[in-house]
Amino acid sequence: MTSPALTAASVTPSRNTTSPDTTSHRPASVGVVSPVFLRFDEPLPLASGQSLNAYELAVETYGTLNAERSNAVLICHALNASHHVAGVAAGNPKDVGWWDNMVGPGKPVDTDVFFVIGINNLGSCFGSTGPASTNPETGLPWGAAFPVLTVEDWVRAQARVADHFGIQRFAAVMGGSLGGMQALSWAITLPERVAHCVVIASTPRLSAQNIGFNEVARRAIITDPGFHGGNYYAHDTVPHRGLAVARMIGHITYLSDDDMAEKFGRTQREPAENGAYRYGYDVEFEVESYLRYQGEKFSRYFDANTYLLITRALDYFDPARATGGDLARALSSAQADFLLVSFTTDWRFPPERSRDIVRALLKNGSPVTYAEIDAPHGHDAFLLEDARYHAVVSAYYERIARNLGLTRQAEESAA
């Protein structure tokens, strides 16, 4: 392993420059994209002791895999995202990839250089096998019988996608939030298959407060009369109310107090005459209207059982549990170089949690670059376009490309 290296960057411009970049010049998109569905018939053993005998994963790819298969980047998604990382979904021009500002030609993860893979995690509800899928043993939706999953289970399933493409080692595995946990797990469980690990706005384990938020959200779903013990599919209903409340709770944790104050403050939605309160329990403030809208929208496209499953996977993630709480020991198997990025107003996974990872890596002598970005947008900052944040990621991937002997010009010449 190379000698220890730390590049620390705490980027703190004035507040009026921290909004997402809205410049007129933008790199190109990867264009219109469609997923492929990969079926795996080899049983997948799970951390719970159960196994899945067969399953499908929805996958999108961008860019070109080189002859050496050395330029592949895996993007891992967070709770409610999917394989659709970049570009515009075929047949739905409004469906733009959740990280389209990060992945594409000339973007920080440059698809003129790298072959990028997005995978919808096992148990999710966007095409991969999950609770809403048919259980082959019963001919009915899995529902509550779908096995509980962990981040490590996802990594093992993702590794089979890499095998499908003949990729022995990723140039980088990258993710934000829960996606960052998956990237970290890759570096620990399959160290020989990860050259660089990019962990953004993440944590090595959830705090009691975060587990508490997840539990309140789950109880909102489970106690909804439409939940039916997780077998609501058979009743032709959905626990909309519980899922909407769960999303409202989660959404608050994704925003910072500063961001909410700027967006909503105490502005009333439709004040009575002369700005008086309406003295009732319907929507009074703009923030209430916004949260109700977000909750209702979410409940129309996301599966409630998937929400339970993924939040529990979040709770269970704790790689240092096996080493008596010693994170450095848990990370001692890692062979990758690391980039960690945190955001000052992220109170869901605050910068101190990223620093915990950095300190553990330095203790092991692992090369690590760390950037702490001063941004007002809270946890969601990792999804937004910010010139300083993107510059950090761009510079890191340019370094990866140089180390691999890849440049945009070289790729174009090879083509």
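Glycine is no exception: its Cβ is also placed from the backbone N, Cα and C atoms.
Residues or ranges marked as active site, nucleophile in Swiss-Prot (evidence: sequence analysis): Ser177. Taken from Swiss-Prot, the feature active site covers Asp346, His379, and the record attributes it to sequence analysis. Swiss-Prot lists Arg247, Asp380 with the feature substrate binding site, giving sequence analysis as the kind of evidence. Residues or ranges marked as compositional bias 'Polar residues' in Swiss-Prot: 1-26. Swiss-Prot lists 71-386 with the feature domain 'AB hydrolase-1', giving sequence analysis as the kind of evidence. Residues or ranges marked as region 'Disordered' in Swiss-Prot: 1-27. Taken from Swiss-Prot, the feature site 'Important for acyl-CoA specificity' covers Arg348.
Annotated features taken from Swiss-Prot, shown on the structure.
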{"residue": "Ser177", "record": "active site, nucleophile", "Cβ contacts under 8 Å, 6 or more apart": "Ala78, Leu79, Ile200, Ala201, Ser202, Arg348, Phe349, His379, Phe382"}
{"residue": "Arg247", "record": "substrate binding site", "Cβ contacts under 8 Å, 6 or more apart": "Ala217, Gln294, Gly295, Phe298, Ser299, Phe302"}
{"residue": "Asp346", "record": "active site", "Cβ contacts under 8 Å, 6 or more apart": "Ala201, Ser256, Gly378, His379, Ala381"}
{"residue": "Asp380", "record": "substrate binding site", "Cβ contacts under 8 Å, 6 or more apart": "Tyr254, Leu255"}
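Across the residues of the domain 'AB hydrolase-1' (71-386), the predicted structure has a mean pLDDT of 97.
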